[in-house]
Amino acid sequence: MTQKNSKLCSRANVYTQVPDGGWGWVVAASFFFIEVFTYGVIKSFGVFFNDLMDSFDESNSKISWIISICVFIMTFTAPLSTILTNRFGHRLVVMGGGLLISVGMIAASFSQRVYQMYISIGIVSGLGYCFSFLPTVTILSQYFDKRRSMVTAVASTGECFAMFAFAPAITALKEHIGWRYSLLFVGLLQLNVMVCGALLRPIIIKGPGSPKAIPLEPRREVQYMLENEKTRTSIDSIDSGVELTTSPKNVPSEAKREQEVRVEQQQTLVVGPKHSQKRAPLLDFSILKDRSFICYTLFGLFATLGFFAPSLYIIPLGISLGIHPDRAAFLLSTMAIAEVFGRIGMGLVLNREPIRKIYIELICVILLTVSLFAFTFATEFWGLMLCSVFFGSMVGTIGGTHIPLLAEDDVVGIEKMSSAAGVYVFIQSISGLAGPPLAGLLVDQSKIYSRAFYSCAAGMALAAVCLALVRPCKKGLCQNPHSGENQTDGHRGKALQDIPEDFLEMDLGKCEPRAHMKMDPV
């Protein structure tokens, strides 16, 4: 009985439509705790800065490279994470990532030189962070549709609660056991990411009209079936138990469906290599032809400058202004609590229909830019407290939604989200590598910690400009009318009723003559 239940929990969930719940709630809980042990730890790493500077006798900018390399590897290897996820599934990739995170953090506790931390935390843990975070947020978006914004926003508050808990807890722990054993303890805690990864059951969405059908094979496969009507092939999926029979009576329906709807290849059912000779592309680079996506990736590139540095430098800034270290650590906790309210509030707003989510995001980016500039004018504890609350709430509105917004039709849509997320996070790697060292360089030259926030504010201002161009590009301001492809409208068409039809992902069933013209033999 136990073995049977274990097998059921490991198999894929098959739905006729996006469930907006079900096992998705377990996936959401897993995402919450993965956020705790990934971004939560990264954003709380500032509590170790002064200890590392004293132990290694290094400058602030050199210590900043630890997180810079970590963030760079985490974002630079995003396409690799996408490829491995499409090949081996979300569960194995996330569990492997959890192991890498823990190994890197534990190894860092034994480091004798700062460059050893560049390798352990920067490269090893950074790779693990990528393998753990990106597949989780992708599969969570597949389990939800109408509730996607709200669920993702609430689940992403894990990093906020981690910042609130870790900053004072690690500060107190260091006083009793030292920073090395504190790092070791954090590394052991991060093994829980493997448990969360084990709960990520794959999901398959199949049409309600064809209960035994899986997403279509490419057109060449349909042509092959038409030429070999006596061929009967069964494809069994170990995970889902779904069987596809290509008998002659099924071939016409498959051909008709090929004319009516074009399904993205990455959504096809994944089968074992010995069962299928044709695979969907592991990474779809066609999204790079979409100008709205290019603008959105530039937004992510510049916005990353303002995401990490404030949480790294708020404690040193407070100490430099004469604030006691315990009270300075409380600033980071306050920022985390404000971020919780920002994420939940943003989820409630974006969950309303109809609403243009990209515009709400733009308003929040502008306000976040203002909050970063405000840090440079703070001179005492309560001024920093006010800035921390403002910044935390604004970064919360963006931090929990900027990746899920890729699933919106204003950017790329849910079908291409897996590849888009990989490329998007990859582009962020440049500023993830340069951001903290640039801020640290400004601090080393001026000896004023508030200068670190100038580079963050400048990057966020550029991000606002790029985000403002996303919607005009999707409407056709910068669009080449011959660059797009017709795709299914499905449930997404209602969200873009005011966009010209040339730039809609249209239902080919309504344009049947055109579909027949495109069905050339391969």
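From the backbone N, Cα and C atoms, a Cβ is placed for every residue, glycine too.
The feature topological domain 'Cytoplasmic' is assigned by Swiss-Prot to 1-21, 84-91, 140-149, 206-298, 351-357, 402-422, 473-522. Annotated transmembrane segment per Swiss-Prot: 22-42, 63-83, 92-112, 119-139, 150-170, 185-205, 299-319, 330-350, 358-378, 381-401, 423-443, 452-472, in sequence order, evidence recorded as sequence analysis. The annotation topological domain 'Extracellular' is assigned in Swiss-Prot to 43-62, 113-118, 171-184, 320-329, 444-451 on the grounds of a curator's inference. Positions annotated as phosphoserine by Swiss-Prot: SER234, SER237, SER240, SER247.
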Report the DSSP secondary-structure composition of the topological domain 'Cytoplasmic' (140-149) as helix, strand and coil residue counts.
6 helix, 0 strand, 4 coil
In the topological domain 'Extracellular' (171-184), how many residues does DSSP put in helix, strand and coil?
14 helix, 0 strand, 0 coil
Can you tell me the mean pLDDT for the topological domain 'Cytoplasmic' (351-357)?
73
Annotated stretches the transmembrane segment (381-401) and the transmembrane segment (63-83) touching (3 or more Cβ pairs under 8 Å):
no
Taking a Cβ cut-off under 8 Å, which residues six or more beyond the ends of the transmembrane segment (92-112) line up next to it in the same chain?
34, 37-38, 41, 81, 84-85, 120-121, 123-133, 135-136, 180-181, 183-184, 186-188, 190-198, 200
Chain residues in Cβ proximity to the transmembrane segment (358-378) (below 8 Å; excluding those fewer than six residues from its ends, i.e. six or more beyond):
299, 303, 306, 310, 317, 321, 346, 349-350, 384, 386-387, 390-391, 394-395, 397-398, 401-402, 405, 408, 410-411, 450-451, 453-454, 456-457, 460-461, 463-464, 467-468, 470-471
Could you tell me what the rest of the chain brings near the transmembrane segment (150-170), counting residues at least six beyond its ends with Cβ under 8 Å?
24, 28-29, 31-41, 43-44, 46-48, 137, 140-141, 144, 182, 186, 311, 315, 326, 329-330, 332-333, 335-337, 339-340, 343-344, 346-348, 350-351, 392, 396, 399-401, 404
Using a Cβ cut-off of under 8 Å, list the residues of the same chain at least 6 residues beyond the topological domain 'Extracellular' (320-329) that approach it.
47, 167-168, 171, 314, 378-381, 384, 448-449
Outside the topological domain 'Extracellular' (444-451), six or more residues from its ends: residues with CB under 8 Å to it:
59-61, 313, 316-317, 320, 375-376, 378
